[in-house]
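The following features are taken from TrEMBL:
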| type | residues | note |
| --- | --- | --- |
| TRANSMEM | 105-127 | transmembrane segment |
| TRANSMEM | 139-161 | transmembrane segment |
| TRANSMEM | 181-204 | transmembrane segment |
| TRANSMEM | 225-244 | transmembrane segment |
| TRANSMEM | 250-272 | transmembrane segment |
| TRANSMEM | 284-308 | transmembrane segment |
| TRANSMEM | 320-341 | transmembrane segment |
Amino acid sequence: MPESELIPGTIDLVDVHHIRHAGDVEGDIVLNPAPSNDPNDPLNWSPWRKTISLICQSFAHVSSNEQWIAKCIVQGFFVAPIEALPEVCVTDIYFTHQRGTYMGVYALALTGSNYFAPVISGFIAEYQGWQQAWRCLEYLGWPVICFAGFSYGSYLIWFNVTNATASIILSGSGYNFKPSMVGLSYLSCCFGTAVGSLVSGRMSDWLTIKLARQNNGVMEAEHRLWPLMICVVLVPTSLILWGVGAQQGVHWFFLILAMGALAAACAIGLTISINYLIDCYHGLAGNAIVSIILIRNTMSFAISYGITPWVTNMGYQNCFISAALIGLVTCSAFFVMIKFGKALRCRSARRYAELVREE
């Protein structure tokens with residue numbers, strides 16, 4: 001059996017010897033995953049239909065009051081702060097002589113959900129096993145998934161650091177931006193994100209094919225990681241320009257430039273990190289992404305608490321110089337995966353195959 005069929009993330013991408021039908025317009029690209037003969041298979045859709053599908057998801061909207069109410073109901077079930085706001089709403093809406101009835105309805109929803117959950121979990125336990133609910137935590141022990149989550153989170157936290165100080169710096173003495181101007185400064189972030197997302201996506205595809213051709217047609221998942229070299233330069237440079245520039249009172253244009261560059265680096269990092277994960281463990285992408293989101297959110301939560309005392313105790317200049325050095329190290333972590341990524345994927349190959357069969 002070819003090595004590419006045993007190691008997750010190692011794929012025969014280019015048919016360099018022209019011994020099989022590749023099915024791509026370029027003639028020698030092996031389609032992976034292979035499309036079926038069903039014309040309704042999304043892999044067989046025309047490029048325009050695929051693009052329109054993504055665009056439609058981006059511009060979803062409600063067109064009626066009923067849809068809006070349904071959205072609020074679903075949103076309420078999953079993200080409402082149920083421990084406080086419902087009681088307050090009942091108090092605000094109903095009179096004293098009515099409040100007991102509707103507080104009872106709230107209690108029904110609050111406590112009843114605790115009894116409804118076992119109805120669902122019973123079937124999960126019987127047919128999938130109770131371990132299924134904790135399956136996402138198992139993936140945290142896989143080095144490749146941990147790296148993808150760490151990489152994903154590290155790019156977000158550096159922009160969070162800048163975002164947390166943007167209003168203070170731009171509206172403070174020296175720049176005196178009005179709130180509307182502070183808002184307009186984020187146009188650079190919009191531009192940077194658009195450029196970073198589009199360029200990194202196209203670049204990683206092009207580079208992956210190029211490196212696969214040089215590797216006898218075999219693509220390694222680590223081929224995706226090389227565009228992160230851009231982030232190794234952009235992240236520390238942007239952080240220094242932002243922090244030191246604010247401390248020294250540079251022209252506001254350079255601060256806006258730093259915001260845009262950091263946003264571009266963030267977009268590149270996110271694009272590459274998720275692509276790398278999916279290339280490595282395509283068959284478990286859904287569960288694996290849940291795991292990296294846990295890592296990302298934990299990192300984002302931590303930096304949200306840490307940035308204020310960090311800036312307060314060290315000042316803008318020293319804070320962002322230290323952030324730049326840390327950012328340089330975190331962005332360079334992909335070199336470790338370039339070196340050892342395939343070996344780590346080999347170690348997880350057997351377990352990966354077992355989990356894919358279970359799915």
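If you go along the chain as it appears here, the first residue is 1 and each next one adds 1.
Backbone N, Cα and C atoms are what each Cβ position is placed from, and that goes for glycine too.
Tertiary proximity for the transmembrane segment (181-204) is limited to same-chain residues at least six positions away from its ends with a CB under 8 Å from its CB atoms, namely 166-167, 170-171, 224, 227, 230, 255-257, 259-268, 271-272, 275.
Within its own chain, the transmembrane segment (250-272) is flanked in space by residues 151-152, 154-156, 158-159, 162, 166, 169-170, 175, 177, 185-186, 188-197, 199-201, 204, 224-225, 227-228, 230-231, 234-235, 237-239, 241-242, 331, which lie at least six positions past its ends and keep a Cβ under 8 Å from the stretch. Count of Cβ pairs under 8 Å against the transmembrane segment (284-308): among 139-161, 225-244, 320-341, the largest is for 139-161. If you look at the transmembrane segment (225-244), the same-chain residues 6 or more away from its ends with a CB under 8 A from one of its CBs are 151, 155, 158, 161-162, 165, 200, 203-204, 207, 211, 250, 254-255, 257-259, 261-262, 264-265, 268-269, 272, 276, 316-317, 319-321, 323-325, 327-328, 331-332, 334, 337-338, 341.
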